[in-house]
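**Q** Got these off Swiss-Prot a minute ago, pasting:
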SIGNAL    1-28  signal peptide
ACT_SITE  40  active site, nucleophile
ACT_SITE  316  active site
ACT_SITE  319  active site
CARBOHYD  342  N-linked glycosylation site
C-alpha cells in the first residue's frame with residue numbers, strides 16, 4: 001500500500017473510532033457464539049497456569065481492567081474484549097482454561113501468549129499453546145458440550161497468529177533451523193500451508209464467519225527496534241518478511257471464500273503508521289508505557305507506569321495499550337481495515 005493510501009485508511013479509521021466512541025451501545029447479542037484463537041494479542045488468561053515466561057497475571061498488567069490482572073497482555077481490554085462488546089455480548093469471552101463445559105455454547109477464548117503456527121515457535125519461552133493445540137481444544141470443547149453444527153455455523157471466529165513465528169522463531173538469534181532452511185518467501189509459504197490445514201479443520205467443525213488478523217508492523221515494536229533495528233528505527237528486514245506473509249494470508253482468505261457458506265475476511269494491522277494515530281491524541285510510539293527491564297519485553301512486576309496511557313501505542317515492548325486495542329477493534333468491526341467484509345457483516 002502506498003503512503004497516501006495508508007494515510008487515507010487511518011484517517012478513516014480515526015473517524016470510525018470517533019463515531020463509535022459516541023454511538024449508542026449495541027442492544028442484543030448479534031451472534032450466538034464467539035470463538036477466539038491466537039497469541040498474546042488475544043490471550044486473556046490461558047497461560048496463567050503454564051510454566052512459561054509468556055504470562056502476565058500480575059500488576060501493572062490489567063491496571064485499567066475491571067478485574068485487574070487476568071492474563072491480558074495490556075493495561076486494559078484486548079481486541080476480542082471490544083469485539084465482544086460491539087457484537088452485543090454482556091460479558092467478555094472467557095479463557096478456555098477453567099471454563100465450564102456449557103460455555104462452549106456461547107464462546108471460548110483459546111489464545112495463548114507465545115503461541116504460533118509452527119509447533120517449535122517460542123520454545124525459548126517455555127510452555128505455550130500452538131494453533132494446532134488450540135484447534136484441538138476447540139474440537140474437544142464443542143464435542144463435549146454437544147454444540148450443534150447449525151449453531152457453530154452462525155458463530156463468529158477471530159484469529160490473530162503468526163507474529164511469534166517471526167519474533168520467537170525466524171528472527172531469533174542465533175539463527176533457528178527455520179531461518180537456515182527457508183528464505184522469507186519459503187518460510188511464509190510454510191506458515192500458510194500449516195494455517196490452511198488448521199482453518200480447514202475449523203471449517204469442517206462449522207466455522208463460516210471468520211476474521212483473520214494479519215501481522216502488524218512488528219519490525220517497529222520497541223523490542224525489535226532495540227535489537228534488530230539498531231536502536232534507531234524500524235527493522236525493515238522484519239517488516240518486509242511480514243509483508244510477504246500478509247500477502248499470502250489475503251490469498252488464503254480468497255481461497256476459503258470459494259467454499260460453500262464461507263465468509264472469511266482479512267484484517268489489516270500493517271498499513272497504519274505511528275504518526276497516523278496523532279489525530280486521536282496517541283502520540284508516543286517509540287517506547288513502552290510500563291517499565292521494562294533491559295533485555296526484556298514484558299512489564300516489570302509492580303513497576304512504574306506512565307500516567308497518560310491513552311497517549312501511548314505500546315504498553316510493553318511488544319503489546320499495545322487498551323486505547324489502541326479499542327481503535328483496532330472498532331476499525332475491524334465497522335470497517336475500514338477488514339476486507340472483503342467487516343466483522344459487523346460477519347455477525348449479521
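One-based numbering along the chain as shown.
Just so it is clear, glycine is given a Cβ too, placed from its N, Cα and C backbone atoms.
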**Q** Given the recorded positions 316, 319, 342, which one's Cα is the least distant from that of residue 40 (active site, nucleophile)?
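**A** Ranked by Cα distance from residue 40 (active site, nucleophile), first place goes to 319.
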**Q** Where's the emptiest Cβ shell within 10 Å among the recorded positions 40, 316, 319, 342?
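**A** Per-residue Cβ counts within 10 Å for the recorded positions 40, 316, 319, 342 bottom out at 342.
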**Q** Taking only the Cα atoms, work out how far residue 342 (N-linked glycosylation site) lies from residue 319 (active site), in Å, as a whole number.
**A** 23
